[in-house]
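Participant: Got a structure here, written out as structure tokens. Questions coming.
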Amino acid sequence: MKIPVMEVFGPTIQGEGMVIGQKTMFVRTGGCDYSCSWCDSSFTWDGTARSELLEVEAIIKKIKETGGEYFSHVTISGGNPALHKGIGELVDRCHEEGWKVAIETQGSIWQEWMKEIDDVTISPKPPSSNMKTDFEKLDFYVEQLKDRKFSLKVVVFTEEDFRYAEQIHVRYPKVPFYLQIGNEDISTTDDEALLSKLLHAYEWLIDRATKSTIMNDAKVLPQLHTLIWGNKRGV
Ligand SMILES: C[S@@+](CC[C@H](N)C(=O)[O-])C[C@H]1O[C@@H](n2cnc3c(N)ncnc32)[C@H](O)[C@@H]1O
Ligand SMILES: Nc1nc2[nH]cc(C(=O)O)c2c(=O)[nH]1
Ligand code: SF4
Ligand SMILES: [Mg+2]
């Protein structure tokens with residue numbers, strides 16, 4: 001089954017969430033059912049870039065050509081990779097190669113192959129994104145994954161977003177929970193100014209989380225890759 005692929009890159013480090021720091025390859029799929037106001041990967045869905053429709057075997061070949069012998073972990077992101085049925089076959093093929101597989105999704109579309117993935121990150125979207133969470137769908141997701149290794153990650157830009165994050169963590173108290181500071185400046189090439197801004201925003205989020213009893217067991221993270229490489233693509 002064919003999958004629309006925007007880019008294959010790496011090895012790099014996973015810059016976000018539950019396996020932050022993990023050396024990994026990335027496969028970024030095209031298309032999203034959301035259109036977050038601050039999406040840092042909007043080229044996957046806004047028509048400004050083209051995807052390539054590839055058979056799973058061609059994707060495996062691309063991963064090997066790009067990563068050589070220098071990886072054992074593959075992260076699938078997008079767009080929303082859960083739009084594509086063919087990812088199940090891709091996950092199986094990665095496992096046959098001996099690679100672990102992680103996925104990034106917003107939890108709006110369920111696929112049975114989600115259960116085969118080693119590290120699932122579900123990232124429900126706060127009010128500043130202008131998206132609306134379908135809590136029935138999210139409940140179903142969390143229920144389906146309850147015996148697996150998965151986590152929830154909420155990106156926070158505002159106080160209202162922080163309240164939303166609290167609401168998510170309270171709703172699913174047993175699920176490992178991550179707060180991630182939002183990047184407001186997704187198009188700047190001034191890395192120094194961006195770094196300074198992001199570190200200040202991260203400090204605000206840490207401070208806010210330390211003052212919330214609800215967040216007593218949360219992990220508060222930046223986007224590590226953005227601190228290092230700014231808004232550069234393919235890192
Ligand atoms: C580009 S999305 C692709 C996967 C999936 N559509 C999702 O949103 O989870 C990957 C991750 O980047 C996060 N993200 C997107 N734009 C961001 C921004 N401007 N600042 C911080 N995180 C951002 C998303 O919330 C998500 O956790
Ligand atoms: N290094 C690195 N880590 C990431 N974690 C999540 C990413 C994504 O865009 O989904 C991402 C990315 O694009 N690069
Ligand atoms: S759900 Fe993810 S890929 Fe889709 S618009 Fe939002 S951040 Fe971007
Ligand atoms: Mg990204």
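Cβ from N, Cα, C; glycine included.
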Participant: For the S-adenosyl-L-methionine site that TrEMBL assigns to Trp38, Cys39, Asp40, Ser123, Pro124, Lys125, which of Gly79, Gly86 is also named?
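Facilitator: Between Gly79, Gly86, TrEMBL records just one in the S-adenosyl-L-methionine site with Trp38, Cys39, Asp40, Ser123, Pro124, Lys125, namely Gly79.
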Participant: Go through the binding-site residues Gly15, Trp38, Cys39, Asp40, Ser77, Lys125 and pull out the ones with a Cβ less than 6 angstroms from some atom of ligand 1.
Facilitator: Trp38, Cys39, Asp40, Ser77
Participant: Checking proximity to ligand 4 here: which binding-site residues out of Gly15, Cys39, Asp40, Gly79, Pro124 have their Cβ closer than 6 Å to it?
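Facilitator: If the test is a Cβ under 6 Å from any atom of ligand 4, the answer is Asp40.
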Participant: Where ligand 3 binds, which of the binding-site residues Ile13, Gln14, Cys32, Asp40, Ser77, Ser123 are close by, with Cβ under 6 Å?
Facilitator: Cys32
